[in-house]
Amino acid sequence: MEIALGPLENGGAMTIRGGGEETAGCSQAAPTAGLGDGSQEPAPRGRGCSARRGAEPGERPLPPQPPELPQSRRSPLEEEEGEGDPGLSVAEEQTLGAGALHHQRVLINISGLRFETQLGTLAQFPNTLLGDPAKRLRYFDPLRNEYFFDRNRPSFDGILYYYQSGGRLRRPVNVSLDVFADEIRFYQLGDEAMERFREDEGFIKDEEKPLPRNEFQRQVWLIFEYPESSGSARAIAIVSVLVILISIITFCLETLPEFKDERELLRHPPVPHQPPAAPALGANGSGAVAPASGSTVAPLLPRTLADPFFIVETTCVIWFTFELLVRFFACPSKAEFSRNIMNIIDIVAIFPYFITLGTELAEQQPGGGGGGQNGQQAMSLAILRVIRLVRVFRIFKLSRHSKGLQILGKTLQASMRELGLLIFFLFIGVILFSSAVYFAEADNQGTHFSSIPDAFWWAVVTMTTVGYGDMRPITVGGKIVGSLCAIAGVLTIALPVPVIVSNFNYFYHRETDHEEQAALKEEPGSQSRGTSLDAGGQRKASWSKASLCKAGGSLETADSVRRGSCLLEKYNLKAKSNVDLRRSLYALCLDTSRETDL
């Protein structure tokens, strides 16, 4: 008669035979432990054990013990406690120890495609979905002894490689960017992995925008700098856009002939004709012309203030100046504010008004309109016209409130190399074809090309396929040169266009992606609160309200989810240290699953 007893504390086994012989601490044949993959591993022998021996004198014989019952396969709820993986018995776990358990294999089913890896591989990243036993428990199928995920199969090659390589994330070539990014979010690889993935794919990392430390300055800065931050910020943005549009419309209307003539008459009214004054003798007897009693100097400044265009311009400049000063005093960094191109445009948009106003005031000074200063006045008028032209740059102020203009500006900035190559190719073509058409038309008396520099204009409008027709070749040789010039221009312009379009698409999708992420963060119950996205993009609740009882692909009932959720929420703290409670919850899930199948 032979009775096999359970394992001893030193790792060996004990067998009691009917003949009075016993083997303590080990058996003749080393016991084997079944692994999760079906292989066998010899258990370590006890310390100081021999093959078979009788009871020595003075040694206390062991009392008889009941035979060891066969251990059933453990539930995943016991495994999630950190004591083993589904499919590993208690005796096997005690025999193998933590080191062997670390190398146990786990089966992952991705939409019918099975992957096999080790628990230690997944445990490298415990904060992820697959690395955290509590998170991946929701997807365990106890009947098939595997984890099932209804996700994109090709993407899991890159996800599994992330665990196997220790953190290197590589997107499979047959998976699109948005699909793989969605898988990264589902498996909860973290923000750091997402940022590395975006950098590897060529995405530019967005710099964090600083905010003022003072609460009042922060609120003012958000209102005037970020129109989407609040309702008041949107109202300020609408007012700013309206003022910009009014300023641009006024700038265009004041150049119409009817308005221009009226303004000139208002600013410089005609002086009534006065008869010539009689010469009078001065104190020294010299003749001098006495001023007429009725002649007066036209009050230019009051008449300028009465101009409706000047009033509208003054109102717009007051708003622009107020907005610029408020943003300057509320900005977090004065140096960064001064280097910002948009703020430079704001300054350029308002300083022509003050220069014009200063010129008007200078004309009011005595002797400001003397005849000896006609040349200086003409030069000042030319400079003033150029300064007034700068007002047209106010249209770029709209880019502060327009995402489309911002995308266009970023596209041009990113395509400066391609634009430089385009200008360089055009420059070469202009030199080449202007020289060729000049020599081709040199013998013709009626030619339009008197010199090579005169032919530059023709070469530019021909290569850009504009063709004004003011200058054209007459001879056969000149027409051949013109045809080659047009073909070369089309090819030169068409070559860098795809790169520019690609940059535009990149910045456009980047902006839309930012808007989607911002909307995702604003939604209640986002991933920061423990939720995730399933394959269809729908929200999945936290694990206490998720699928607790999926068995054999059957759908759990609402009652089973409710019962399991209540139990887990009620005993959540105890369940982490009470294996019996988790075992009872697992039995509850199996019972509800069987009821659903029936």
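Please read every residue number as a count from 1 along the shown chain.
Positions of Cβ are set from backbone N, Cα and C atoms, glycine also.
Note that this is a predicted model, so its numbers are computed, not measured.
Looking at 264-286, 517-539, the stretch flagged in Swiss-Prot as region 'Disordered' turns out to be 517-539.
I341 and E441 carry different topological domain names in Swiss-Prot and therefore face opposite sides of the membrane. According to Swiss-Prot, the feature region 'S4-S5 linker' maps to residues 403-416, out of the candidate ranges 333-346, 403-416, 445-458. In the three-state DSSP classification, C331 (S-palmitoyl cysteine) falls within coil. Across the motif 'Selectivity filter' (465-470), DSSP assigns 0 helix, 0 strand, 6 coil. Note on the region 'Tetramerization domain' (1-195): its mean pLDDT in the predicted model is 67. In terms of DSSP secondary structure, the topological domain 'Extracellular' (439-452) contains 3 helix, 0 strand, 11 coil. The list of residues near the transmembrane segment (381-401) in space but at least 6 beyond its ends in sequence, with Cβ under 8 angstroms from a Cβ of it, reads 227, 237, 240-241, 244, 247-248, 251, 320, 342, 345-346, 348-349, 351-353, 355-356, 359, 409.
Long-range neighbours of the topological domain 'Cytoplasmic' (402-416) within the same chain, counting only residues 6 or more positions beyond its ends whose Cβ lies under 8 Å from a Cβ of the stretch, are 396, 496, 499-500, 503-504, 506-508, 511. Outside the topological domain 'Cytoplasmic' (331-341) by six or more residues, the chain places 210-213, 217, 221, 225 with a CB less than 8 A from a CB of the stretch.
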